[in-house]
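Take a look at the structure set out below.
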Amino acid sequence: MNIFRLTADLMHLASIFILLLKIQKTRSCAGISFKSQLLYALVFITRYIDLFFYWVSLYNTLMKIFFIGSSLYIVYLMQVKFRATNDPVLDTFRIEYLLAPCALLALVANYAFTAQEILWAFSVYLEAGAILPQLFMLQRRGEAETITTHYLFALGAYRGLYLLNWIYRYWAEGYVDWIAWIAGLVQTGLYTDFFYIYYTKVLKGQKFELPA
Amino acid sequence: ALGSPVKDEL
């Protein structure tokens, strides 16, 4: 564990708490893409299935349980409890165009042709693109509540910090993980536009609005 | 095939 990875994991945790806070406080999931949240639930389930047969540490296990549990809880909140506030009209990204290529890529580019490795690779590829429905929805709405932008910032920063963690681990331990590295770069890259507007608007006290 | 790195990250 190093400071980059710890901070990254804490940012990831924070992003989920911010999202839960947004939904509970406003009693609404307006502006949140259900499709992205569904994809995250799928990401966590396919990656952390090793929870049952691979022990790393108590920290690792508790985090895995939290990520699976909270993602399913958010799906429940959006689909059942606050269903009326969900706006599927704006959530129009075609996730099959994401799921199919990720599945195909996982079958071709993996560390071993075993169910566990294929599922792991799939989860890493899917995570890289899982934010796309959310960013697409943001684009269509043209604006976002400030708390939603904090959620997106924390979520984007998490993978960005992992890049620093990987540089550090390569230098300190000779650790190499090409699949996670390339997917992590893509994932962080998708946030560039968002980070720019977050920095120039939200951090200066303005509303998050996209140019018309 | 390349060996799989230790899966100790989240």
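Here the Cβ of each residue, glycine as well, is placed from N, Cα and C on the backbone.
Note that the structure is predicted; figures quoted are calculated from it, not measured.
TrEMBL has this to say about the protein:
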TRANSMEM  A:52-76  transmembrane segment
TRANSMEM  A:97-113  transmembrane segment
TRANSMEM  A:119-138  transmembrane segment
TRANSMEM  A:150-172  transmembrane segment
TRANSMEM  A:178-199  transmembrane segment
Practice task
Please give the sequence-distant neighbours of the transmembrane segment (A:119-138): residues at least 6 beyond its ends with Cβ less than 8 Å from one of its Cβ atoms.
Solution key: 31-33, 35-36, 39-40, 42-44, 46-47, 49-50, 90-93, 95, 98-99, 101-103, 105-106, 109-111, 144, 152, 155-156, 159, 179-180, 183-184, 186-187, 190-191, 193-194, 210
Exercise for the section: Residue list, the transmembrane segment (A:52-76) vs rest of chain: Cβ under 8 Å, 6 or more residues beyond ends. Expected result: 1, 9, 12-13, 16, 19-20, 23, 34, 37-38, 40-41, 43-45
Handout entry: Intrachain neighbours beyond the transmembrane segment (A:97-113), with Cβ under 8 angstroms and 6 or more residues off its ends
Key = 39, 119-122, 125-126, 129-130, 132, 179
